[in-house]
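Colleague: Have a look at this one before I ask anything.
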Amino acid sequence: WEFNGSFHQPSAFLMMGIPGLEALHPWISIPFCALYLSALLGNCVILFIIRRTPSLHEPMYYFLCMLAITDLGLALCTLPTTLGLFWFGVRRIGFDACLAQMYFIHILSFIESSVLLAMAFDRFVAISHPLRHAAILTRGTVLKIGLAIVLRGVLSLLPIPFLLKRLTYCGRTELSHSFCFHPDIMNLACADIKVNVFYGMIILLSTVGTDFVFIVLSYILIIRTVLSLTSREECLKALNTCVSHICAVLVFFIPMIGLSMIHRFGRNVPPLVNTLVAYTYLIIPPALNPVIYSIKSTHIRQALRRALCRKRG
């Protein structure tokens, strides 16, 4: 299609792999396949173990199930286009399909941020009010928190596809990644994108930004409570229950903040850096979270051993 001064939308966008390394895409796909396999298998195992182990039917592990489901969704959102590009050189993605992929990627990212906040709140209640933990976070309360998290993500991002569809696109159709990302699509428009920029920034700050602030606040209160404990063993035991969650928070928020900063202010950042940060943000957390929780959670390791022993027997 050609731009003739009227309203236009491209029929499709062209996705990019790793710039400068296009000839090595088949080889680069090997570590990507390993990461996707780890994400799919690891999160499915987490869900299976928690479902089959009654002793793990507690708020902490309910939230871990939510995290595993979100990570599965993130992996499945980007897997078809990423491996399709690396394996078969499929770069084309339809305009509406791109908007749909973008919408679900952002929803799942916002949901993961909120789930991490809920897990921080769970750790705060468990450490600060251990006797009231079960009464405060009942199964019904956890379910309501989960529904509120999903509704917040779905409704807050609902205008984004419509804001992108109203724009005029005039010439450039190459995305920066092998998946669709809101700032990436927005920057291909030749119309005024101030509304998109403003709305995107407001939503990001009011959701993910707020979640991060409250996670930090939760850990300040947790540390304050832990320091008030008289026994050093009790302090270490309480902090040890938070290590997995802290690792999950860092693995998720550091790449996300880096990618947001690059898209907002990094005009002169090399394309390779932008691409690597994007892949780190969307692929590494789903692959690492099951490993982190399997290593640090004694209960999950024991349940996994029992499941393996029953299968062998």
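Backbone N, Cα and C define each Cβ position, glycine as well.
Note: TrEMBL annotation is automatic and uncurated.
Pulled these features from TrEMBL for this protein:
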type     : residues : note
DOMAIN   : 42-293   : domain 'G-protein coupled receptors family 1 profile'
TRANSMEM : 24-49    : transmembrane segment
TRANSMEM : 61-88    : transmembrane segment
TRANSMEM : 100-121  : transmembrane segment
TRANSMEM : 142-164  : transmembrane segment
TRANSMEM : 197-222  : transmembrane segment
TRANSMEM : 243-264  : transmembrane segment
TRANSMEM : 276-295  : transmembrane segment
Colleague: Restricting to the same chain and to residues at least six past its boundaries, which positions have a Cβ under 8 Å from a Cβ of the transmembrane segment (243-264)?
Modeller: 67, 109, 112-113, 116, 119-120, 123, 181, 183-184, 187, 201, 204, 208, 212, 215, 219, 273-274, 277-278, 280-281, 284-285, 288-289, 292-293, 295-297
Colleague: Give the nonlocal contacts of the transmembrane segment (142-164) in its own chain as ranges (CB under 8 Å, at least six residues past its ends).
Modeller: 59, 62-63, 66, 99-100, 102-103, 106-108, 110-111, 114-115, 118, 182, 185-186, 189, 195-196, 199-200, 203, 206-207
Colleague: Thinking of Cβ pairs under 8 Å, which stretch from 61-88, 100-121, 197-222, 276-295 has the most of them with the transmembrane segment (24-49)?
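Modeller: Out of the listed stretches, 61-88 contacts the transmembrane segment (24-49) most.
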Colleague: If you count Cβ pairs under 8 Å, which stretch among 61-88, 100-121, 197-222 touches the transmembrane segment (276-295) the most?
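Modeller: Stretch with the highest Cβ contact count: 61-88.
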Colleague: Checking distant contacts: for the transmembrane segment (100-121), what same-chain residues at least six beyond its ends satisfy Cβ-Cβ under 8 A?
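Modeller: Beyond its ends, the transmembrane segment (100-121) has Cβ neighbours at 60, 63-64, 66-67, 70-71, 73-74, 77-78, 81, 93, 145-146, 149-150, 152-154, 156-157, 160-161, 164, 179-182, 185, 207-208, 211-212, 214-215, 218-219, 245, 248-249, 252-253, 256, 282, 285.
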Colleague: Six or more residues beyond either end and a Cβ under 8 Å away: which residues meet both conditions relative to the transmembrane segment (197-222)?
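Modeller: Those are 109-110, 113-114, 116-117, 120-121, 123-124, 127-128, 152-153, 156-157, 159-160, 163, 182-183, 186, 238, 242, 246, 249, 253, 256, 260, 264, in sequence order.
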